[in-house]
Amino acid sequence: MIHHCHLDTRNNTDIDLKLAEVKKNQAKIILLYANAAQAGAIFAHAEKHDMIGEKYLWIGTQSVKGTQTTVKAPAQAGMLCVNFHTVSNAMFAPRDDILPLIIQLAPKLFGAALLQLRPNEQFPLKSNVSCKSEDGDPYWENGKYIYEHMKAAFVKGNPFHVDDGHDSFFYTFEKTGRLRNSILQISNLRTNSKGEKTWEKVGIFTNNELKMADVQWPGEKANPPQGAADKFHVKVVTLHEPPFITVSDVDPDTQKCPGNQGSICDWGDVEYTDDAGIKKNRTLLKCCSGYCVDLLNKLANDIGFTYTLYKVRDEKWGLKTENGWNGLIADLMHNKADMCVTSLKLNSERARDIDFSLPFLDTGISIIVKIRSGVLSPTAFLEPFEYSTWVIILFVCIHVAAISIFIFEWVSPYSFNMQKYPPPEHKFSLFRSYWLVWATLFSASVSTDVPKSTVSRLMALVWAAFGLTFLAVYTANLAAFMITRVQYYDLSGIHDPMLNFPQDQKPPFRFGTVDGGNTHETMKRNWHKMHEYVKHNKFFRMNISSGIDAVKNEELDAFIYDAVVLDYWAGKDANCALMTVGKWASMTGYGIGFPKNSPHTSIVNHYMLQYQQKGDLERLQNFWLTGACTPDSHSQTQSAPLGIENFLSAFVLLAGGIIVSVIVLGFEHIYCMHLRKPLQKIDPDGWCGIISMAMGKSLTFTEAVDRVQEWRSRTQSLASTNSPQLKRRRSANLKPIEDDAAPRRSPRFLQVETNL
């Protein structure tokens, strides 16, 4: 049932208005409950409204037909009438019609109930209830028992006249006492050969069975009216907002949508110059597609209407100003459009001036931000270990290991033997010990001097094991810290401090929304500080696409708008560089807008409920609103080449090494030019050679000769257990040098000096 109304048949104006409403609501099958006189008055006015033709079917109750067999008043030829009782013309059966039936059947039913009692059962029929009882309603205990038997009994009778041929009808009852079956007679108002309209019985309904004869339908048709409304035309206003309304160019050859996907829409007027040089305007046709266009086409096919789709001329969503509404809402209020189909959000202020359908999609207010590529910190190579660990390794472990190796080497009798110099063929010092420790720690493939003593070598092996463990743990954790992670403004929602106190951020946080939309109105009404900040800094954008571009170009840090639309833009971004954050605020829905008291609202709501139950709306949502980028994809690690900014820590380390090398080179020049002679006076014995052999050699060359002589005496004392042949061989190689003789620069000593 799409419409119902009560008519005052004494008021002709009321009849005309009510019938006009019925016709406007596209009702084709009309149920009439009135008496014969009232029905005649209604049909007289219905004929003026062209509502008794072949497109309509009137069905009346028994009071419309009454006892008459011929109708002289205006009525629809072909209409039907359902009869319960045909004694009188009254809308409610009078007492004279009911009492004879009760008097006839009640004793039979009572007697049938008594017959169901057991033969030997004694049942007192005398009641102890009087009409003067003062203890509430009269109640007969035994009467309840008889009532149960009456419900189980049945009697044969005739609910109509004796001559109607229904004497075989059985009165049976349900457990509740209601009549189980009834007889409905169906009559058809036909036009006979004389042109008179007469009622003829064409069917009967009883025992859940319908038996029908041929029916003369309105217009003397063989088939009844379809009952469907005539196709009507509506003007639909819209506004571009993907994915609900997506606009593209039409095919230049066919002037249709490519692939017939979408609908042609009026997208405003454009100016052009004709062949005569005269400027004229023409309508710019575009191809509109998207979620709302598919929904509109489905409604048009199911309801049966055609439509013209056009863009609102001021390109505004609808904001109430001092001069009234603008945009989409203004077109509906001024009856420029019969329907508004786009991502129009429901709110209480709009609902006061226009009607909305049931929401076809839930939405709210959300925030979209840009995902920035993660940049590694210049100190990322230090992050695998805590800074305290680095301090222990660099300032404790390395120094302890280097000094320990050197001390063990210095006290060893096979090496320094607590002297200033190592053996001539052995090169080792404190600095060389540090060099060994550093090279072993990082497994550097450089030339190192190995200590000579066993205990020093053992210490070096222990340090090598430490370095192997350190390097394995370091490299295992370094990969995790060198992964670039996405960075974005993780706002909690519309009440995040970065949005409510943007000027407290360094630099100030920038955000905006679409000017003149529902989000703008909500921000203006509920979040005054945010609205003033956006208005003062001119962060408003004309549409959603310009707002998205502002975020991607980092003109804005965040953009606030409809959650569903922002999810769509984030999902379709080519580089998946956008992300919606925070909880939704101001939960509402998208609905179809109508002018106030529009006749289309109820029928659209009827089909919207069907679409929701059948899953049609969900299928449209999955097709149009699902993008390639998902929220989970932002948290996944993706392989991508590292840029210079991500490898900056290695370059910083290399640059630091170069700078330190230049500084050391400068100290070498300063030492050779200014510090060597003062140091030679301070250390005449050459103990600096213990720290650095190069420094010791630079102080005096005689150290080399003294070392050879000192080593010869130590070798002779340690080689006392050797064979005479070995002694003679060593004596031949090392000739004695006179104490008072000056050293000669023989090739052998030049070789020793070079080795030093």
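Every residue, even glycine, has its Cβ placed from backbone N, Cα and C.
Note that this is a predicted model, so its numbers are computed, not measured.
Between CYS629 and the candidates CYS576, CYS672, TrEMBL records the disulphide bond with CYS576.
Contact check: the transmembrane segment (460-483) against the transmembrane segment (647-667) gives fewer than three Cβ pairs closer than 8 Å, residues 6 or more apart, which falls short of the contact criterion. Looking at ARG350, LYS524, the recorded positions in this record, the fewest other C-beta atoms within 10 angstroms of the C-beta turn up around LYS524.
Around the Cβ of ASP562 (L-glutamate binding site), 26 further Cβ atoms fall within 10 Å across all displayed protein chains. According to its DSSP assignment, ASP562 (L-glutamate binding site) is in a strand. Pairwise Cα distances among ARG350, THR519, ASP562, the recorded L-glutamate-binding residues, top out at 17 Å. Excluding ARG350, THR519, ASP562, which define the L-glutamate site, the same chain contributes TRP317, LEU344, LYS345, ASN347, ILE365, GLY517, ASN518, GLU521, THR522, THR588 within 8 Å (Cβ to the Cβ centroid), listed in sequence order.
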